[in-house]
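Database features, via Swiss-Prot:
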- Arg34, Gly237, Asp238, Thr270: substrate binding site (BINDING)
- Asn36, Phe37, Ser38, His39, Arg75, Lys152: ATP binding site (BINDING)
- Asn36, Ser38, Asp68, Thr69: K(+) binding site (BINDING)
- Lys212: site 'Transition state stabilizer' (SITE)
- Glu214, Asp238: Mg(2+) binding site (BINDING)
Amino acid sequence: MRMVLTKIVCTIGPRTSSREKIKELIDAGMSIARLNFSHGSREAHLEVIRNIRDSRSGAGRHVSIALDTRGPEVRLRTPEMKDIKVEGGEVLRFSLLSSEKDIWIPGVDLKSLGVDNRVFIDDGAIELRVVNVEEDGFECEVLNSGMIKSNKSMNFPGTDIGDRALGDEDKNDIAFGLENGIDMVFASFVSCRADVEEIRRLVGSKVPVVSKIESCLGMRNLKEIALCSDGVMIARGDLGVEIGLENMFSAQKRILYEVKREGRPVICATQMMESMTLKNAPNRSEISDVGNAVLDGCDCVMLSAESAVGMFPVETVKFMRSICADAERYDMESRKGAGACGVSSYVDGVVICSGTESQIEKIYLSKPETPIIVISESLWILRRFSIYRGIIPVYGKGSEDAEATLRRLGLRGRFLAVGREDVRMVSV
């Protein structure tokens, strides 16, 4: 029985913040725990970080903690934080000032906003048309009915609202995260190399930076962003709103092609198993979405609301893992049929003891279809390669005898359990 190589990123939220539930997610297949700093207090995030660190100690592998920055996204505040039901044709007012009757949107520059501009709420769930712009706010006509909830995101496609990839709150969040042992940063709304370099100056050289592509500018500067990042996330929610949903398919393919060409890992995110937020099985289209992401070469697939607030978080991870396993099995059979298999066809695992980054990258780029167990005392190695497909980072002191090292760390049966005693390995 082969191990699933594709990594699963889970957003931790109210449904999954306890130590017990995090342990269940890890056992189900979670490789990276994502903390979305657009929601929740730092105190709440600190408790989750502690719970993750306690829960991952018995996993036998490094489960990473990712801090997802707020970025320049606009978050609305409804009066008294209550949900607002809206109908098509209705006119709403948005205010830059806190108000008891208007929807509050702090920190937005309205100079570039004009009449007939489109505005979207909650990844496009609600579409609005600007009908009036004033000094302290603006009015919009609602184009489709729905529910507006407090703290949901707003998008202003094609409009400069004075945003920056890294605001003061983000800097404070990152400093807090570094102090408390986060493993990587997911940087929101990265639009150019300078955005990544600014974050690098904050985190130093030992924390990987994954750039989220979710704007037209990010798409335009994709290659330079990929070159200076440790990985790239296809953040399909905001990106779909920014570029138009009808263009999302080709954008996803282009991001994958450009980023993989530079040898960087890719995370596919947003609504991958969305229906499982409320029910215990995915839609057929979601199965195809996850499976095709694996076939296209994604290193990680990500859950957001499904694992943060969903009714079936653990079941969702298990189902996603099964879909990834099926896609990987199909991919390997296809490659065998085409005669494209290499050394991984004849071994059950590759073991790298105290290897260098270049050694690990070289083996990763050969696209083996078996686990690559990287045993290292370097926290940077463990962090960086935790988002690479097929690489299992394990903390430990390696030795020349890979078999002895695996047995000493209790890993041989756990990661190379293929139903035989004669496990075939290649050690590097």
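Quick reminder: no glycine exception, Cβ is built from N, Cα and C everywhere.
Summary for the recorded positions Arg75, Lys152, Lys212: the Cβ-based neighbour count within 10 Å is maximal at Lys212.
Here the C-alpha separation of Arg75 (ATP binding site) and Lys212 (site 'Transition state stabilizer') works out to 18 Å. In the structure as shown, the Cβ atom of Gly237 (substrate binding site) sits within 10 Å of 18 other Cβ atoms. Counting other C-beta atoms within 10 Å of each candidate's C-beta, the binding-site residues Arg34, His39 are led by Arg34. You'll find the Cα of His39 (ATP binding site) roughly 16 Å from the Cα of Gly237 (substrate binding site). The binding-site residues listed here (Arg34, Asn36, Lys152, Asp238) include Asp238 as those with a Cα within 10 A of the Cα of Glu214 (Mg(2+) binding site).
Of the recorded residues, Thr69 (K(+) binding site) and Lys152 (ATP binding site) place their C-alpha atoms 15 Å from one another. Cα proximity to Arg34 (substrate binding site) (within 10 Å) is found for the following recorded positions from Asp68, Lys152, Lys212: Asp68. The two recorded residues, Lys152 (ATP binding site) and Lys212 (site 'Transition state stabilizer'), have Cα atoms 18 Å apart. Once Cβ contacts within 10 Å are tallied over all protein chains shown, the binding-site residues Asp68, Glu214, Asp238 are led by Glu214. Reported as a whole number, the C-alpha separation between Lys212 (site 'Transition state stabilizer') and Asp68 (K(+) binding site) equals 9 Å. With the fewest other C-beta atoms within 10 Å around its C-beta, Ser38 stands out among the binding-site residues Ser38, Thr69, Thr270.
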